[in-house]
Amino acid sequence: MPELPEVEVTRLGLVPHLTGRRIVRAVVRHHGLRWPVDPALPELLGGRTVARVLRRGKYLLIECVPDIAHGPQAGAGWLLVHLGMTGTLRVLETPAAPGTHDHLDIELADAAGRPITLRYRDPRRFGAVLWHDGDEAALSAHPLLRNLGIEPFDTRFDGDWMYARTRGRSAAIKTVLLAGDIVVGVGNIYCSESLFRAGIRPTTAAGRISRPRYAALAEAIRATLADAIARGGSTLRDFVGSDGQSGYFQLDALVYDRAGLPCRVCGTPIRQIVQGQRSTFYCPACQR
């Protein structure tokens, strides 16, 4: 599943291609994603201009502003995209016939009329493409966004933030991080990696971790995610960036998917356990 780094890599790739371009038309081939695609989406998008491409957690947020043809009452709207398990957004600068799993095309043009196509592909159809009317404040109240935790690169996110929000919590720290209500985007791969960097065993009760150890964990989360973004994310199955390139963070993973292999720090064999139906990897010597 694409996690925060993969979504951010996609966003960074889309920004120079989409920002300021006018949407010529949208073609929906399959409406049956995780939630049905609005049948009116082509009409809602046509003629609008992409103002910004943002990210909140694992959601891509594409702001589409109206032109005069939409009438004086028309306001900004947002395209919310979640990549699900196997979704990708590709920018096509030359025409290409759609494949079986290419569910949505958004055709855009710049001021000179040069066309590009934004194509959404999702073999398993667990992703989502939703429309939301309103400004950014209204968007933040969307049911899918309003309960998300803080962004890991927000300056307010630190050890004190995590310590204060985990008092009395008996659940394992990895389970708490994956829930996303304290900090967003620390998915399964990067959770194992961050906990290793911080020297914290993933089964440790969140409420028993000290303030200094949370400071180390907050820094490890930021560093791990930043490294992953710089390496184009992780490609475990289907993920590619908007340019079609695979990520390679997983090639240098410290613990993830390395069960039985020697720890890169101390040489102890990496262990694998299951937490909440997800595989967890850790070093029993380095993580306490």
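In case you wondered, yes, glycine gets a Cβ from its N, Cα and C as well.
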Q. Which range, 44-78, 79-113, 149-183, 254-288, does Swiss-Prot list as zinc finger?
A. 254-288
(Q) Of the residues ARG124, ARG146, ARG197, only one is listed by Swiss-Prot in the DNA site with HIS101, ARG169. Which is it? (A) ARG124
Q. In the same chain, which residue numbers or ranges, 6 or more beyond the ends of the zinc finger (254-288), come under 8 angstroms Cβ to Cβ?
A. 172, 174-175, 178, 188-189, 191-193, 195-197, 199-203
(Q) Taking the Cα of GLU3 (active site, proton donor) as the centre, which of the recorded positions listed as LYS58, HIS101, ARG124, ARG169, ARG278 lie within 10 Å of it? (A) LYS58
Q) Between the recorded positions PRO2, LYS58, HIS101, ARG124, ARG169, which lies closest to ARG278 (active site, proton donor), Cα to Cα? A) PRO2
